[in-house]
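Straight from Swiss-Prot, the features:
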{"type": "BINDING", "residues": "Gly173, Gly175, Lys176, Thr177", "note": "ATP binding site"}
{"type": "REGION", "residues": "1-84", "note": "region 'Domain I, interacts with DnaA modulators'"}
{"type": "REGION", "residues": "84-128", "note": "region 'Domain II'"}
{"type": "REGION", "residues": "91-120", "note": "region 'Disordered'"}
{"type": "REGION", "residues": "129-345", "note": "region 'Domain III, AAA+ region'"}
{"type": "REGION", "residues": "346-465", "note": "region 'Domain IV, binds dsDNA'"}
Amino acid sequence: MSLSLWQQCLARLHDELPATEFSMWIRPLQAELSDNTLALYAPNRFVLDWVRDKYLNNINVLLNDFCGMDAPLLRFEVGSKPLVQAISQPAQPHHKQVSAAPQQQVRSAPVRPSWDNSPAQAEHTYRSNVNPKHTFDNFVEGKSNQLARAAARQVADNPGGAYNPLFLYGGTGLGKTHLLHAVGNGIIARKPNAKVVYMHSERFVQDMVKALQNNAIEEFKRYYRSVDALLIDDIQFFANKERSQEEFFHTFNALLEGNQQIILTSDRYPKEINGVEDRLKSRFGWGLTVAIEPPELETRVAILMKKADENDIRLPGEVAFFIAKRLRSNVRELEGALNRVIANANFTGRSITIDFVREALRDLLALQEKLVTIDNIQKTVAEYYKIKVADLLSKRRSRSVARPRQMAMALAKELTNHSLPEIGDAFGGRDHTTVLHACRKIEQLREESHDIKEDFSNLIRTLSS
């Protein structure tokens with residue numbers, strides 16, 4: 001039995017699974033075939049449990065397809081073996097691979113940047129910007145952010161490993177910054193002397209400008225290239241800043257060559273960031289790119305309940321559901337609304353009920369209901385897909401019309417409080433089962449198609465802004 005068996009499995013899994021799933025869970029596996037047993041080695045227990053739970057059946061089916069009655073037994077283990085590396089590593093992206101830094105190399109610790117002599121900077125340490133309050137433990141996981149959290153967790157456990165760089169993207173207030181800090185805290189927890197730097201992209205630009213003004217560009221380079229992990233928020237602000245992009249390009253390459261972790265966030269997919277050089281956007285995708293979507297209803301409720309618990313506030317479940325049903329755009333908006341409710345309750349001494357929330361959030365709820373209507377959804381979707389609203393209401397079944405119609409129905413269910421029959425009536429008198437089918441179809445396509453996933457996220461962001 002040839003060792004190419006696992007390579008055949010990899011090829012099939014690559015074709016069958018969404019690219020993000022394959023990169024996150026299958027690519028890190030290493031394989032060893034001996035004594036009619038195929039041993040799969042996962043980098044940590046988390047990956048092992050996930051693969052065994054989610055993909056065991058897929059792998060067994062492939063082994064049976066390729067080998068029939070001679071299919072090997074499957075065994076999972078945590079770790080790796082030197083002999084395994086060459087035979088089981090999946091194909092890498094088509095870019096020049098950079099070599100790992102020699103094991104004996106010791107990086108000098110980043111010291112206070114010499115280009116900034118302000119009093120505030122004098123107290124600076126290279127990890128002071130990592131917020132200890134943002135951890136994986138208090139990050140509420142749901143379907144919308146599950147992959148992003150799992151990838152971030154693996155990076156924290158194994159910085160500089162499989163997912164480098166890690167690129168997280170999604171709308172404002174969805175938890176990207178929280179995950180950046182959580183990774184930083186995770187790395188520091190495992191290695192207290194780790195050199196972890198978190199910053200907004202504009203700070204990188206400001207530091208570079210100061211370095212140029214003070215003729216200290218070499219110190220600037222040494223500082224940023226000596227970290228163990230560089231976490232940069234809102235990378236889209238590099239747009240049209242050519243000198244900053246040039247310097248970051250070389251910093252990026254140096255960090256990758258030294259197996260130093262890079263994590264970036266943006267409000268959009270890398271290739272959609274305007275004003276950033278193609279060579280940078282290409283590098284952003286070298287590791288793993290994961291979207292964070294607006295939280296679904298159950299996650300929004302869980303976020304509210306956890307936030308209330310952190311504030312020692314008893315929040316009735318029906319109240320959390322009431323708020324979550326009406327405020328859908330992002331986590332920050334949810335937490336802001338809850339803070340407002342809590343403050344009002346403290347000031348007035350009243351119990352938190354649905355009627356009390358209606359009163360405390362009266363203007364916010366009224367604005368939401370005014371902004372997100374079925375009519376508004378139909379107009380926005382029609383404009384997005386460059387069709388007419390009349391097409392959405394018509395009986396036409398061509399894909400160019402049917403898919404936008406399904407998208408609009410799914411958005412109406414997600415963003416309004418209308419029932420399925422009411423939504424159907426608003427779309428040319430369609431039956432509620434048609435609406436239900438549309439919602440399920442869009443949910444399925446969001447799992448299978450990056451384009452549909454992006455369309456849904458973009459439309460929600462537009463309608464919620």
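Count begins at 1; order follows the chain as displayed.
Cβ coordinates come from backbone N, Cα and C, glycine included.
Annotated features taken from Swiss-Prot, shown on the structure.
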{"residue": "Gly173", "record": "ATP binding site", "Cβ neighbours (10 Å)": "18"}
{"residue": "Gly175", "record": "ATP binding site", "Cβ neighbours (10 Å)": "27"}
{"residue": "Lys176", "record": "ATP binding site", "Cβ neighbours (10 Å)": "24"}
{"residue": "Thr177", "record": "ATP binding site", "Cβ neighbours (10 Å)": "20"}
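Residue counts for the region 'Domain I, interacts with DnaA modulators' (1-84) under DSSP (helix as H, G, I; strand as E, B; rest coil) come to 46 helix, 17 strand, 21 coil. Within the region 'Domain IV, binds dsDNA' (346-465), the DSSP-based counts of helix, strand and coil residues read 93 helix, 0 strand, 27 coil. When averaged over the region 'Domain III, AAA+ region' (129-345), pLDDT in the model lands at 91.
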